[in-house]
Amino acid sequence: MPAPAPPLPQAATKTYAISGDLLGPTTLRGYDPDLPFVTEAANHPPVQLAPGQDKDDPEGRILNFKNITEPQPLRGTRGGTIASNHDIELEKLHPDSFAPPTTDHGTVKQAEWPLGLSHVKLGLDRAGWSRQQNINVLPAAKEMAGVNMRLEAGGYREMHWHTAGEWALMLNGSARIQAMNVEGQTFIDDVTKGDVWFFPSGVPHSIQGLENGTEFLLVFDDGEFSEDSTFLVSETFALNPKEVLSKNFQLPASDFDNIPEGELFIFPGTEAPEDIKKQNVTGPAGVIPNKDSYSYHWSQQKPITAPGGTVKILDSNTFPIAENFAAALVTIKPGAIREIHWHPDSDEWSYFLSGTARLTIYAAQGNARTFDFRTGDVGYIPKSQTHYIENTGTEDVIVLEVLQAKKFTDFSVGQWLALTPPQVVQDTLRLSDDSISKLSKIKPLVVDGPIPE
C-alpha cells in the first residue's frame with residue numbers, strides 16, 4: 001500500500017491590525033450642549049458671473065461659462081452658491097440645467113443622452129465597435145433607439161436581422177451593404193458619408209467596411225431595441241445540431257466542423273473587391289427593383305437654403321421602402337435658430353453631428369425645460385411638444401431629426417400666427433399690429449440671428 005501523500009504546506013495567515021469601533025456611541029444622538037459645535041466657512045473663490053447671468057428677466061439669454069473658474073447656479077436674484085465639491089466641467093457644458101432661464105417651469109422628462117456615456121461593445125481583433133441608446137438610458141425615448149457603429153477596413157457586421165426596422169445614416173468612410181427580400185431578390189450597394197439605407201424588420205443583411213473603414217448611425221423603430229437582441233447567422237448555425245444542418249443543407253456533417261462556436265458580432269474579414277459586380281449574386285428572382293431599393297444616396301441631394309442655414313428632407317415620397325421613417329438634416333449657422341415648431345404625427349429622435357446648441361421643450365400644463373446639446377448627443381422630443389434648436393456656439397450645428405411618419409411634417413408657430421386673423425393674435429398675445437404684420441406666412445425653417453459672444 002503506497003504511503004500517504006505529505007500534507008500540503010499551509011500559507012501563513014496574514015493578520016491586520018484594526019482598532020476602533022465601526023459604530024459610534026449612542027450618546028451622539030440628539031441635542032447635547034456638551035458636544036463641540038464647529039461652523040465651517042464655505043471655502044470658494046469670489047463669485048464670477050457669466051455675461052447676462054445677473055439679469056433677472058424672462059429673456060433667457062445664453063450663458064457661457066467657458067471663462068468662468070467656478071460657475072454658480074445663479075440667475076439674477078435666484079439661486080445661490082455651491083459650498084461643496086462639484087463637477088465644474090460638467091456644469092460648464094450644461095449651463096441651462098445648472099442655471100436655468102426663468103422661463104423653465106415644472107417638470108419635463110430627460111430629453112438628452114450623450115452617446116459618449118454609452119457602454120461600448122468591442123468587436124473581435126480590432127475590427128470595430130458599437131454603442132447604443134435605448135429606453136434603459138433615456139426612458140422618454142419609447143418609440144425609437146439609436147446605435148453608433150464603427151467598422152474598420154474589411155470589418156464585418158456579421159450577417160443578421162432584427163425585429164425592428166433599421167434606418168441608417170453614414171457618418172464617415174464607405175461601406176458595402178447586402179440583403180435579400182422574402183421573394184429571393186437580392187440587393188447590394190456601396191454607400192458613403194451622407195448616404196442612407198433602410199432594412200425592414202426581418203430582412204437579412206450584412207455590412208462591411210471598405211477601404212478606409214466606416215462609421216454610421218442606426219435608428220430603430222423600437223425604443224426597447226438592443227444590439228444584444230439581434231438574430232445572428234453565426235448563432236443560427238452554432239445552436240442547431242450538426243445532424244440537422246447536414247440534412248437541411250444536404251451537406252456532410254463534417255462540412256460544419258469549423259463553424260464559429262457563437263456570436264461573431266463585428267469581426268475582420270477579407271477586404272471586399274473594388275468592383276462591386278464581383279459580389280453581385282442573383283438567383284431566379286433577380287435583383288430588388290429600384291422602387292424597393294434599400295439605399296438612398298442622400299449625400300447627392302442638395303439642401304434648400306433658409307435664412308439661418310440649410311435643410312433637406314428624406315421620407316417615403318422619395319425613399320418608399322422606409323415607409324414609416326422621415327428625416328431632416330438641418331444645418332444651423334452660429335446665432336441662428338431652427339424655428340419653434342412641433343410634430344403632429346410622431347416623436348422626434350435627433351442626433352447632433354456637430355456644434356453646440358440649446359433646446360427648450362414645452363410639454364403643456366405649464367411645464368418647460370431647457371437642455372444643452374453638443375456633438376454626439378441624442379435628443380428625444382415627444383409628439384406635439386414645442387421646441388426649437390438654437391446654435392449657441394461659433395461653428396455650424398448639424399442635427400439629424402428622425403420621425404416615425406410617412407411624411408416629414410411640422411407646425412411652425414410663426415407661420416400659424418401669420419395665418420391667423422390678426423385680431424385673434426393681438427387679443428391673445430397682446431402683440432402690436434406692426435409685430436403681427438412682420439410674421440412670415442411661409443415657414444422660415446431656420447431663422448438667422450446674432451452670433452453669440
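Glycine is no exception: its Cβ is also placed from the backbone N, Cα and C atoms.
Listed in TrEMBL for this protein:
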ACT_SITE  Glu401  active site, proton donor
BINDING   His160, His162, Glu166, His205  Mn(2+) 1 binding site
BINDING   His341, His343, Glu348, His387  Mn(2+) 2 binding site
DOMAIN    122-257  domain 'Cupin type-1'
DOMAIN    296-437  domain 'Cupin type-1'
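His162 (Mn(2+) 1 binding site): 22 other CB atoms within 10 A of its CB, across all protein chains. In sequence order, Trp161, Phe199, Val203, Pro204, Thr230 are the same-chain residues whose CB sits within 8 A of the CB centroid of His160, His162, Glu166, His205, the residues recorded for Mn(2+) 1 being left out. Counting residues of the domain 'Cupin type-1' (122-257) by DSSP class, helix then strand then coil, yields 24 helix, 65 strand, 47 coil. In the predicted model, the domain 'Cupin type-1' (296-437) shows an average pLDDT of 98.
Remark: Glu166 (Mn(2+) 1 binding site) has Trp197, Phe198, Phe199, His205, Leu218, Val219, Phe220 as non-local neighbours, by Cβ distance under 8 Å and separation of at least 6 in sequence. Set side by side, the binding-site residues His341, His343 differ in how many other CB atoms lie within 10 angstroms of their CB, and the most is found at His343.
Geometry remark: His343 (Mn(2+) 2 binding site) versus Glu401 (active site, proton donor), CA distance 11 Å. What surrounds the Mn(2+) 2 site, by Cβ distance within 8 Å of the Cβ centroid and not counting His341, His343, Glu348, His387, is the set Trp342, Ile381, Gln385, Thr386, Glu401, Asp410 from the same chain. The Cα of Glu348 (Mn(2+) 2 binding site) lies closest to that of Glu401, out of the recorded positions His160, His162, Glu401.
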